[in-house]
Amino acid sequence: MKKARDLHLLLKTIRRSSTSTTTHSKMDPSDRYCFSPILRWNPEVENYFIKAYGADHFSIISKALTRPSSYSCVRVNTLKSTSDAVIEKLLEIIKEKGFDGDCHGKEGSGPNENVGSPLEESLKNGPIVKCPIPGLEYVLFVKGTGPHMIDYGYVPGAPPKEVIVGRKCAEAVLRGAQVFVPGVMACSAHVEKGDTVAVSAAIEQRNPNGGWSIGITRGTVLQGSQTDPYYFERSGLYVGQGTATMSRAGLFRASEGIAVDMNNRVFRLPSFYDVLDGEIFLQNLPSIVTAHALDPQKGERILDMCAAPGGKTTAIAILMKDEGELVAIDRSHNKVQDIQKLAAEMSLTCITTYKLDVLKAIRQRNEADDANTNQSSNSLRFDEEKASSSTAEGFNLDKTFSNAIENGGTYVSKADIRKAKRRMRNGPGRNQCVGGRVENSKGFYPDSFDRVLLDAPCSALGLRPRLFAGEETIDSLKRHATYQRRMFDQAVKLVRPGGVIVYSTCTINPGENEALVRYALDTYKFLSLASQNPRIGGPGLVGSFESPDGRTEEWLRPGEEEFVQRFDPSSSLDTIGFFIAKFSVGTKDV
């Protein structure tokens, strides 16, 4: 518990020191050119969250969601490097990029118990510190700064040149990204390459049909007057200042590339994009804790049900010392390839990937055996490769397949032969490219995994920074919850008695978190909540919610709240909103 308190203190100190950082810029005389967003919610959803958290607490959560964390969290691949070695390399990178000075901002005067503490003193030694929690020493915190007050050069009657970007682009800029061409919506007239421009965000507004949209035609010319689109709505939504890398005409003629080089940001976090590939992985702290909550052991067979993009998958593999079998599935071909690429970068060999819909993950016992299916698939692939080689040497394709069959290979139909011919003529498809093969799966037998992680697709209302939240409705939140229950049902069938299920989401919605736990415990009597290590998140929500239609949504009961971990984005941990529940699986009902 002391180490957990130390972590809260450390991250609270990082946040305090980052927000107290000052710049050489003066306060802009116009209240317009600043960053003070107000997160907009669907009214029914907002009322639901107010009943769950209380009006004051939910207001604080909403404000926290509009801002990035005050630090970047870096996970070190301990199979390839060490924390100390990575710190040394990252410090050199930070120094080369000229970020070092920004990370040593003026320290604020916080609560008395924090001043002069060993943790605060450690921050003065550099911008990177190790996580103090035992077992998490390979997790590094890289301090950022902000919010900064930026002088946009506003002069009454002569507004600065400006670029309006889409909301998602603005959120990426707040996390440290550049402004890329596809994100640009509108631009002032006469912007030339090298000009300094203010960057503001266009946020979705209500349209006449009752939905949400950005009512700006891409390429709109801004005059700097109140007749400009979203002139008033953009007040308080300026995310920084940068240098245009191309003229206005080029911005809307090009299809890709950096549009604005952001050199003066409201929030400044070191960018480690394409840095130390295979040695580090940028990952939110709760996601790393999720892998530890699963407590994977060497030699076990583990399933990651919604594995893309592979962050938790690789974290689990490293905790297993890359020994055992870690099956990672996703229904998207491209996402499975992303997992494969990340695993290869980290030199992890225990990960097996499949393209598979989670809701079809159960395989019935009367289907063909996996081994025979794989043998058949491999044999056919060998025959095709042999056929390709033979054809290149001038041999007949049909004869090659006949020889393969005579030598014990799998029977190949004429349709397969025609397909192979087309492939040789037209080139390999995406699924046959070297390093790009994605295996399909027919599912897995019940009780075939020691541990199962279900990091479920969700409303993602805990991700930050977030500048808009109005797209989610009560009905859409209910649909998320229904889908998650169906996925959880699959997880229960796939894990063996005596095994473990870990369920996690990146949302603050109790209907997708505590209500799922209630469903699990009430539906499957052989499940019980298990303690988690490390435990650094807060307790879950106890109680229920009665909707206007009279339905009651049950959450946790007294005594259960300390078994789950709820990460509040407004807490001193300064993380995304996140939820983790761990279940022990007893003897299943017959």
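Yeah, the Cβs are placed from backbone N, Cα and C, and that goes for glycine too.
Note that the structure is a prediction, hence the values are computed from the model and not measured.
What TrEMBL records for this protein:
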ACT_SITE  C506  active site, nucleophile
BINDING   C306, A307, A308, P309, G310, G311, K312, D330, D357, D455  S-adenosyl-L-methionine binding site
DOMAIN    213-586  domain 'SAM-dependent MTase RsmB/NOP-type'
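Distance from the CA of C506 (active site, nucleophile) to the CA of C306 (S-adenosyl-L-methionine binding site) is 13 Å. For the pair G310 (S-adenosyl-L-methionine binding site) and C506 (active site, nucleophile), the Cα-Cα distance reads 15 Å.
Each of the recorded positions C306, A308, C506 was scored by other CB atoms within 10 A of its CB, and the lowest score goes to C306. Listed in sequence order, S287, T290, A291, D304, L453, D455 are the same-chain residues at least 6 apart in sequence whose CB falls under 8 Å from the CB of K312 (S-adenosyl-L-methionine binding site).
Residue density at G310 (S-adenosyl-L-methionine binding site): 26 other Cβ atoms are found within 10 A of its Cβ, drawing on all protein chains shown.
Listed in sequence order, the residues of the same chain lying 6 or more apart from D357 (S-adenosyl-L-methionine binding site) and placing their CB within less than 8 Å of its CB are R331. Largest Cα-to-Cα span within the S-adenosyl-L-methionine-binding set C306, A307, A308, P309, G310, G311, K312, D330, D357, D455: 19 Å. Here the Cα atom of A308 (S-adenosyl-L-methionine binding site) is found 14 Å from that of C506 (active site, nucleophile).
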